[in-house]
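J.: Pasting in a structure now, in structure tokens, and then I'll have a few things to ask.
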Amino acid sequence: MAVTLVTSFASSSSRFHFRSFSSSPSSLSSCFVRFQFPSRLRLAFAVTPLYSSSRAMAHTISHATLGLTQANSVDHPKISFSGKEIDVTEWKGDILAVGVTEKDMAKDVNSKFENPILKKLDAHLGGLLADVSSEEDFSGKPGQSTVLRLPGLGSKRVGLIGLGKSASTPSAFQSLGEAVAAAAKASQASSVAVVLASSESVSNESKLCSASAIASGTVLGLFEDSRYKSESKKPSLKSVDIIGFGSGPELEKKLKYAEHVSYGVIFGKELVNSPANVLTPAVLAEEALNLASMYSDVMTANILNEEQCKELKMGSYLAVAAASANPPHFIHLIYKPSSGPVKTKLALVGKGLTFDSGGYNIKTGPGCLIELMKFDMGGSAAVLGAAKAIGQIKPPGVEVHFIVAACENMISGTGMRPGDVLTASNGKTIEVNNTDAEGRLTLADALVYACNQGVDKVVDLATLTGACIIALGTSMAGIYTPSDKLAKEVIAASERSGEKLWRMPMEESYWEMMKSGVADMVNTGGRAGGSITAALFLKQFVSEDVEWMHIDMAGPVWNEKKKAATGFGVATLVEWVQNHSSS
């Protein structure tokens with residue numbers, strides 16, 4: 001008896017037909033599936049994106065996932081930031097948060113503060129601030145904070161937040177913002193003011209960046225990803241006044257910039273936090289399409305399906321995707337300013353493995369972290385998070401291509417095997433000696449594609465090697481580039497954003513380890529210098545006339561203490577793009 005099943009999935013832009021045939025119930029082994037796709041794949045499933053165009057921060061995924069899991073809808077509160085120049089004793093609100101160094105906490109022989117700001121506050125509080133800070137053993141060390149309910153000021157509470165020896169870097173001011181957010185959450189405060197006890201330590205030139213870092217830290221500190229929990233708390237903080245850092249349109253613009261970047265970071269965090277049974281390659285592609293829809297005045301999207309990737313001869317990328325029941329989706333977002341000339345074309349390429357089992361070289365044993373391999377798309381999350389922020393900021397004079405070869409690395413009879421030889425889209429051949437070194441195989445074709453867009457510079461980001469974690473730990477990413485100029489640009493951007501990068505060598509002699517007897521190269525070169533040989537591999541797929549950098553972010557993509565994604569890379573990428581704009 002013949003069996004025929006026809007199922008259709010429709011979207012606003014296309015219709016998909018999945019037709020299965022079997023000659024009889026007893027010959028299911030001969031069953032095959034025919035896929036009929038339109039020329040451009042727009043939707044693979046019925047999906048409600050993480051971000052709805054009607055609400056800037058709406059997070060719902062409605063999808064028949066394994067486990068029937070759906071993300072709860074979460075609306076993140078909007079915080080109003082403003083710069084003010086007022087007497088701290090006159091500010092009215094819930095918490096007056098004072099950032100203090102260890103030096104600021106010094107007291108005279110009468111146990112009174114020597115710092116002018118603390119002395120003024122203590123005078124209005126009848127000496128209680130000095131007394132209580134001593135009782136609390138608060139000394140201004142980093143990580144220390146205390147919130148006191150003391151009568152005598154316009155604010156309901158006074159918070160002291162330790163800055164350590166000094167506060168002069170963006171990361172220090174971001175930490176101050178995070179501490180402010182923690183205090184606000186604990187007290188359910190709706191209004192907070194932030195002031196430094198010693199603002200003279202901040203130069204006039206750096207006040208804008210410092211205020212921006214405080215704002216960013218506050219937004220990120222308030223964020224909790226509760227989409228997959230049965231209960232969640234909604235932060236009550238509505239407004240933050242930053243005192244002593246200036247005021248006016250220039251500061252307001254910088255604070256708004258920080259807000260846009262922060263929500264891009266949050267988007268990146270949520271993508272990485274999403275489990276692999278929810279965030280498939282199709283859903284990741286839909287998130288990219290939704291960004292293009294949200295910022296349609298400056299952004300367009302092109303999602304390539306498997307057949308289109310075959311036409312482009314992406315044999316390396318498609319080999320990785322071959323074992324998965326979830327088809328690959330090649331994502332290409334393009335940002336173009338709505339007006340004015342384009343002076344620079346950039347490409348941001350992110351590794352997009354929504355799950356990595358390791359393939360036939362399956363991840364086994366302690367430390368393999370297979371349960372965390374949802375974060376193997378951290379590079380793509382950084383790229384799409386940057387796209388979200390750039391869509392909001394709209395920098396003039398620069399065109400940006402956001403590229404992700406999204407897929408899963410699974411195990412099946414159709415999957416790539418150790419020993420297989422793959423042909424990338426630039427014609428180079430690769431002998432697979434480890435199926436768990438798959439990220440570089442997807443990036444190979446993505447880099448070729450990026451260079452073919454006529455860009456001047458390419459930066460790729462990937463959770464690529466454990467070797468980089470061994471070398472640098474989990475607090476910083478390694479950068480690899482032949483270009484000293486590009487290295488300086490990206491490092492400068494990271495310093496302003498507060499993210500840590502360290503330049504690693506591109507030791508060309510190590511390429512000997514990557515040679516194959518049957519192909520142009522192998523995909524791994526052994527344990528020694530593993531992150532360097534990975535970068536040398538990627539270099540083979542970059543045009544000589546394009547400046548290129550690889551960022552290995554395997555370490556800082558995940559915060560094990562918080563058991564959550566960090567959103568690493570977004571802020572640096574946005575800052576780097578902004579530095580190329582004509583604004």
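One is the number of the first residue shown, and numbering goes on along the chain from there.
Note: Cβ is positioned from N, Cα and C throughout, glycine not excepted.
According to Swiss-Prot, the record shows the following:
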| type | residues | note |
| --- | --- | --- |
| TRANSIT | 1-70 | transit peptide |
| BINDING | Lys351, Asp356, Asp376, Glu438 | Mn(2+) 1 binding site |
| BINDING | Asp356, Asp436, Glu438 | Mn(2+) 2 binding site |
| ACT_SITE | Lys363 | active site |
| ACT_SITE | Arg440 | active site |
J.: State the three-class DSSP label for Lys363 (active site), counting H, G and I as helix, E and B as strand, and everything else as coil.
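T.: Its secondary structure by DSSP: coil.
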J.: Any idea what the Cα distance is from Asp376 (Mn(2+) 1 binding site) over to Lys363 (active site), rounded to a whole Å?
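T.: Asp376 (Mn(2+) 1 binding site) and Lys363 (active site) have their Cα atoms 13 Å apart.
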J.: Of all the recorded positions here, Lys351, Lys363, Arg440, which one's CB has the most other CB atoms within 10 A?
T.: Lys351
J.: So around the Mn(2+) 1 site, Lys351, Asp356, Asp376, Glu438 aside, which residues have their CB within 8 A of the centroid of those CB atoms?
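T.: My list of surrounding residues reads Val320, Gly352, Leu353, Met373, Met377, Asn409, Gly439, Thr442, Ala462, Thr463.
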J.: Restricting the comparison to the recorded positions Lys363, Asp436, Arg440, which residue's C-alpha is spatially nearest the C-alpha of Lys351 (Mn(2+) 1 binding site)?
T.: Arg440
J.: For Lys363 (active site), find which of the recorded positions Asp436, Glu438, Arg440 come within 10 Å, Cα to Cα.
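T.: Close recorded positions: Asp436.
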J.: Within 8 Å of the Cβ centre of Asp356, Asp436, Glu438, which other residues of the chain have their Cβ, at the recorded Mn(2+) 2 site?
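T.: Counting only non-site residues, the set is Val320, Leu353, Ser357, Gly358, Gly359, Asn361, Lys363, Asp376, Asn409, Thr435, Ala437, Gly439.
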J.: Which has the fewest other Cβ atoms within 10 Å: Asp356, Asp376, Asp436, Glu438, the binding-site residues listed?
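T.: Selected from the binding-site residues Asp356, Asp376, Asp436, Glu438 on minimum Cβ neighbours within 10 Å: Asp436.
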J.: What Cα-Cα separation, expressed in whole Å, is found between Asp436 (Mn(2+) 2 binding site) and Asp356 (Mn(2+) 1 binding site)?
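T.: Cα-Cα, rounded: 8 Å.
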J.: If H, G and I count as helix, E and B as strand, and all else as coil, what does DSSP give for Glu438 (Mn(2+) 1 binding site)?
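T.: Reduced to three states, the DSSP call for Glu438 (Mn(2+) 1 binding site) is coil.
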